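Annotated in TrEMBL:
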BINDING   131, 145, 146, 147, 148, 149, 172, 185, 223  Fe-coproporphyrin III binding site
ACT_SITE  145  active site
Ligand code: 76R
């Protein structure tokens with residue numbers, strides 16, 4: 001019997017990580033550098049309009065460490081809109097001075113492991129909608145990583161009966177809930193879209209809470225036995241005038 005979890009799917013998500021080619025950027029005439037920065041900030045302002053209208057969302061963060069210099073995360077109702085935004089970014093002058101570092105394509109996902117049976121249409125439920133089409137708080141810190149559920153010998157998540165997965169997810173959810181108010185998480189599904197099965201995006205004003213939450217989950221069976229992880233990216237917010245000063249020399 002097919003016991004696939006039933007998912008609710010929300011906005012499509014693109015995480016776009018770039019490195020700055022600082023050497024070339026430094027060689028650019030200061031006036032042109034300012035124009036290119038202004039053009040990019042205008043693009044970010046336009047993205048903000050979609051956040052304000054709740055027709056999409058975006059997040060713009062520097063990445064600490066050598067994996068990337070910044071990450072632009074965009075969420076939209078269709079994959080086509082994400083593709084258009086990506087293409088528009090690539091045509092901005094500043095993009096000529098960026099080097100692609102990593103990207104991740106997914107769709108915000110809620111599964112039915114812990115949902116109560118109900119006849120109501122979940123897509124009309126306000127709580128469900130707030131999670132499928134999330135408003136992104138301007139938290140100080142972000143953490144992103146892709147992950148899989150393991151399919152290895154006796155540790156095969158996809159061979160477990162639904163009841164057992166539900167039980168395991170209950171314990172996972174309890175740990176997660178103990179971080180309510182401290183960490184906001186967006187789980188986005190990427191089976192068929194990208195190299196791992198999910199993207200995990202965490203937001204917090206206290207960067208240490210990422211480590212505490214992820215560490216605690218490592219001891220929980222769902223993660224200890226069944227999770228495999230990709231690269232981790234951690235960053236700090238670029239908001240207000242930091243969107244410009246980050247590019248100043
Ligand atoms: O949707 C819900 O809130 C119900 C409970 C829940 C589900 C179904 C939940 C709660 N998660 C669910 C699904 Mn989660 N989550 C992760 C990671 O680093 C690790 O070890 C794992 C990465 C974190 C940090 C995290 C946080 N979760 C999932 C799934 C899909 C599983 C599937 O379908 O097989 C993955 C891959 C995943 C991974 N989870 C929570 C959190 C937090 C903080 C919560 C509590 C949310 C809340 O109640 O507000």
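Glycine is treated like the rest: Cβ placed from N, Cα and C.
Quick caveat, the model's predicted, so the values are computed rather than measured.
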Exercise. Using a Cβ cut-off of under 6 Å to any atom of ligand 1, determine which of the recorded positions 131, 145, 146, 148 qualify.
Key: none
Exercise. Taking the Cβ of residue 146 (Fe-coproporphyrin III binding site) as the centre, count every other Cβ atom within 10 Å, in any protein chain shown.
Key: 23
Quiz item: Nearest to residue 145 (active site) in three-dimensional space, by Cα, is which of the binding-site residues 131, 172, 223?
Solution: 223
Practice problem: Write out the long-range same-chain contacts of residue 223 (Fe-coproporphyrin III binding site), meaning residues 6 or more apart in sequence whose Cβ is under 8 Å from its Cβ. | Solution: 172, 217
Practice problem: For the Fe-coproporphyrin III site as recorded (131, 145, 146, 147, 148, 149, 172, 185, 223), determine the largest distance between any two Cα atoms, in Å, rounded to the nearest integer. | Solution: 22
